[in-house]
Amino acid sequence: MARSPVEPSAGQPAKRAAWLRAELERANYAYYVLDQPDLPDAEYDRLFAELQQIEAEHPDLVTPDSPTQRVGGEVASGFTPVVHDTPMLSLNNGFSDDDVVAFDKRVADGLDKPTDLAGTVTEPVEYACELKFDGLAISLRYENGRFVQASTRGDGTTGEDVTENIRTVRSIPLTLKGKRVPRMLDVRGEVLMFRRDFARLNERQRAAGQREFANPRNAAAGSLRQLDSKITASRPLSFFAYGIGVLDGVEMPDTHSSLLDWYETLGLPVNRERAVVRGAAGLLEFFHSVGARRESLPYDIDGVVYKVNRRDEQDRLGFVSRAPRFALAHKFPAQEALTKLVAIDVQVGRTGAITPVARLEPVFVGGATVTNATLHNEDEVRRKDIRIGDTVIVRRAGDVIPEVVSAVFDRRPADAREFVMPTECPECGSRVERLPDEAIARCTGGLFCPAQRKQALWHFAQRRALDIDGLGEKIIDQLVEQNLVRTPADLFNLGFSTLVELDRFAEKSAQNLIDSLEKAKHTTLARFIYALGIRHVGESTAKDLAKHFGSLDPIMDASIDELLEVNDVGPIVAESIHQFFAEAHNRTVIEQLRAKGKVTWPEGPPAPRAPQGVLAGKTVVLTGTLPTLTREAAKEMLEAAGAKVAGSVSKKTDYVVAGADAGSKLAKAEELGIPVLDEAGMHKLLEGHAR
């Protein structure tokens, strides 16, 4: 980027301001993008101060892309949602060389690359390799070369508007350069903080008596999500571009590597640690080369990213779920450190899972200070023989979730104590149980347990349960945290005056929720059973229970043997149902829900005892037009005999009943060798004469 034209005099404020802006932007580009600073800090500060003074004296000369506009604006009240025109997808992860080899094979197979007789690909795939930064993914929008908006990744579909904060990041150009400037461009990249800048920031935090940041990523995240952009402006954030969303007005580069080269001509910062390689061997060579230099890099990375280089090949491979088939994030092995395990507590999850958690002497590992680490479950503690007082190896799995890998046995003190799983839930005092075939111990408190309360309420309100429209997670959070709701029964005691006091809950929203709660009082037995959130009981099992018993009380009082008579209920499900209703807290909540007619449903007689004939448990498919029976009548007769009537033929089909004009189902049955019956044969089978 060339130096600015001849320096105008101070007597020409408009020209002087334009020259100062150009000179400061040129210096920013040299410093942040080229990493070749050519203007001393003191001189930069002098020119910056002069531009501020001119703009203060001549407000009409202020431009949106002036370097002075990076210092931050008014404090925002919150972040506005932004829907991404092109989703910001996550990447599939690889953790080993084998994962990379498998990825390369999938790509080569997907592109129909030729192979020799030994199965070796003869035309290896070309890949673009980059670093995987440990920062925050951001999308920058430029319109006709001018920066207009920035948004976070969010959930990949919707992020948050952080335009004013991103405007303060000096490495991000407010105006694109070059001749091929598009009408619209979404640049995808990463906001991060260099290690040297992180160290200086923490020095400032210490000097000011403020809390230090644990690692550069946390510092970058905390800086970017400030409501006051002046605070963001004071933080040394950087940016690297690595991807693209929307592009309009110029032709899309035909390779990923040429896209990054083009970005550089636009003045966007692109990391130089990148390469174009071929095949799995090239990928692994890049990975191990970067890994050897990882600690000497000026920023934190947690792996490298591989992308099929050619754009047309990316398009052919497409996407699976929420990730592209043409890319892989190859993560570095987790980092480890030694520390002392001072205690083992248990945490109760939202589904009642009891998880042992190690309390550790603080240790810096994987870029963060770790004081707690998961021990997964009781079996893992026993298998690893981890004891309170041990010196342990701590690892940040995936550089994110700390875990205790093992104890250092030759350092075990004489007074080290074994972990004992509590028999009562620390949150509610309910019994803790662990089924024989499961590794996880669970609190049986269910609807009563505070730790499970939010999840229980959310499940209770779901569309397939009691369908309480308007009762979302954020409302549930407020109701529980303000102690307005302890159990699902409390929902029906909520009044209009209570609801309108909730944060961001207008009168209309309050009335809509009241109406929805009133409507939810009239449900079905199957929906009510499902809404209780009994472990292992989904919609289908809830319907089977309702159909088999007819009313709730027999279900609540049923023995395990009686529950096992229900269609598709096995020992684990029967035990779960029995234990749920054996818990006094759960019965209390159910009685509260039924009391005073709060929640009602039509009840019926129990279903007839399940048939024990030849069709019991068999799968039957109907096809074509039967001589005397409608399809529905035949289905009812078969189901009454204990058969399951399916809609398609598979290897699991036992019989096919075919009438006139039977089509592909009949052909499929003959192909699979499945017995085919006409209507008369079906009647014989129903009567027990056929075998």
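Heads up, the Cβ atoms here are built off N, Cα and C, so glycines get one too.
DSSP assigns Arg153 (NAD(+) binding site) to coil in the three-state reduction, placing it in neither a helix nor a strand. Among the features that Swiss-Prot reports, NAD(+) binding site is placed at Asp41, Ala42, Glu43, Tyr44, Asp45, Ser90, Leu91, Glu130, Arg153, Glu190, Lys307, Lys331, with the record citing sequence analysis.
Over all protein chains present, the Cβ of Lys132 (active site, N6-AMP-lysine intermediate) has 20 other Cβ atoms lying within 10 Å. The active site, N6-AMP-lysine intermediate annotation in Swiss-Prot covers Lys132.
Per Swiss-Prot, Zn(2+) binding site is recorded for Cys425, Cys428, Cys443, Cys449. The Cβ of Cys428 (Zn(2+) binding site) lies under 8 Å from the Cβ of Cys443, Gly445, Phe448, Cys449, Pro450, Ala451, His585, each of these being in the same chain and 6 or more residues away along the sequence.
Summed and averaged per residue, pLDDT over the domain 'BRCT' (610-691) gives 82. Annotated domain 'BRCT' per Swiss-Prot: 610-691, in sequence order.
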(request) Would you mind listing, in sequence order, the residues at least six apart from Leu91 (NAD(+) binding site) in the same chain with a Cβ closer than 8 Å to its Cβ? (result) Val305, Ala323, Pro324, Ala327, Leu328, Ala329
(message) For a quick check of packing: other C-beta atoms within 10 Å of the C-beta of Arg153 (NAD(+) binding site), how many?
(response) 20
(message) Across the domain 'BRCT' (610-691), what are the DSSP residue counts per state (helix, strand, coil)?
(response) 27 helix, 16 strand, 39 coil
(message) Let me check the 10 A CB neighbour count of Cys449 (Zn(2+) binding site). How many other CB atoms are there?
(response) 23
(request) Within the same chain, and leaving aside Cys425, Cys428, Cys443, Cys449, name every residue whose CB is within 8 angstroms of the centroid of the CB atoms belonging to the recorded Zn(2+) site, in sequence order. (result) Val348, Gly352, Pro426, Glu427, Gly429, Ser430, Val432, Thr444, Gly445, Phe448, Pro450, Ala451, Gln452
(request) Would you count the other CB atoms within 10 A of the CB of Lys307 (NAD(+) binding site), including those on all shown protein chains? (result) 20
(message) Please report the Cα separation of Cys425 (Zn(2+) binding site) and Lys132 (active site, N6-AMP-lysine intermediate) in Å, rounded to an integer.
(response) 41
(request) To the nearest whole angstrom, state the Cα distance for the pair Lys307 (NAD(+) binding site) and Lys132 (active site, N6-AMP-lysine intermediate). (result) 12
(request) Fill in the CA-CA distance, Lys132 (active site, N6-AMP-lysine intermediate) to Arg153 (NAD(+) binding site), as an integer in Å. (result) 15
